[in-house]
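Record features, source Swiss-Prot:
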- 49-237: domain 'BPL/LPL catalytic' (DOMAIN)
- ARG87, GLY88, GLY89, ARG90, ILE91, THR92, TRP93, HIS94, ALA167, LEU168, GLY169, GLY180, LEU181, ALA182: substrate binding site (BINDING)
- LYS164: site 'Lowers pKa of active site Cys' (SITE)
- CYS198: active site, acyl-thioester intermediate (ACT_SITE)
Amino acid sequence: MTAPREPFFPVDRSIRASDEPLEIRRLGRMGYQEAWDLQAEIAAARAAGTQGDVILVVEHPNVYTAGKRTQPEDMPDNGLPVIDVDRGGRITWHGEGQLVVYPIIKLAEPVDVVDYVRRLEEAIIQAVRELGVSTAGRIDGRSGVWVPSTTQAADPAAPKRDRKLGALGIRVTRGVTMHGLALNCTNTLEYYEHIVACGIDDADVSTLSLELGREVTMEEAEAPLLDALLKALSGELTVADHTFASAPDPIKVANEKARQARKAAQEK
């Protein structure tokens, strides 16, 4: 269920266990495994109480990461490396031109993982709307941030179906979060063509640049995203219902109509 639901505590309350300022570390371009090892090190220190909350901002070289629910049919056919990870979800791609943010924070008690995910989504929605994608929102039953098929992208090369702009994948251990969110900025969509991204085969993926018809760099997207994320975690930005219904896949609809026509012809 992706639509907001009543959280375990008031929506205007911080979801963090600490009110100390967050540390933001900009890692530049870093290999996925190295960044994952760094996350694990920080998360262990945070759980032990020897480290405060940290947000890592990073860009990865091209790589696929497979979450715990990845299926064999999701896997790539282009030979690019796949790293099995301990987050939720299925397979996705990370790479050049994609802004990746890993909040490593201690969640307030009682831990509400769903509320945490919704706050991450809300931050992405707020940021991409501020950048100009005014119809960005949620699809019920699917995580992440989407643009509906009823919205035409400024770049005609953009996909036409419902399309995902921001992806989420998290892990919470001992009340401390790992992994996080990825926002497509200037990246190519080529690598998504070789996988079933997030296990979804009836929708597409897009970028801020395609949606707005101009180059939207990671540097441009970073400031509004981090600002919205800090507000969402603190409770200043509350989760709202930006949910829209998933549009039927036109190819599947056409195939079903053809199947029904063949069946009707055979019955005559």
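Each residue's number is its place along the chain shown, starting with 1.
Cβ from N, Cα, C; glycine included.
Overlay of Swiss-Prot annotations on the structure.
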| residue | record | DSSP (3 states) |
| --- | --- | --- |
| ARG87 | substrate binding site | coil |
| TRP93 | substrate binding site | strand |
| LYS164 | site 'Lowers pKa of active site Cys' | strand |
| GLY169 | substrate binding site | strand |
| LEU181 | substrate binding site | strand |
**Message:** Pairwise over ARG87, GLY88, GLY89, ARG90, ILE91, THR92, TRP93, HIS94, ALA167, LEU168, GLY169, GLY180, LEU181, ALA182, annotated as binding substrate, what's the top Cα to Cα distance to the nearest Å?
**Reply:** 16
**Fill in**
Within 10 angstroms of the C-beta of ILE91 (substrate binding site), the count of other C-beta atoms across all shown chains comes to 22
**Request:** Round to the nearest Å and give the CA-to-CA distance linking ILE91 (substrate binding site) with LYS164 (site 'Lowers pKa of active site Cys').
**Result:** 14
**Spatial neighbours, same chain, of ARG87 (substrate binding site) - Cβ under 8 Å, 6+ residues apart** = THR65, GLY67, LYS68, GLY169, ILE170, ARG171, MET178, HIS179
**Request:** Taking the Cβ of LEU181 (substrate binding site) as the reference point, list residues of the same chain whose Cβ is under 8 angstroms away and which are at least six residues distant in sequence.
**Result:** VAL100, VAL101, LEU120, ALA123, ILE124, GLY166, ALA167, LEU168
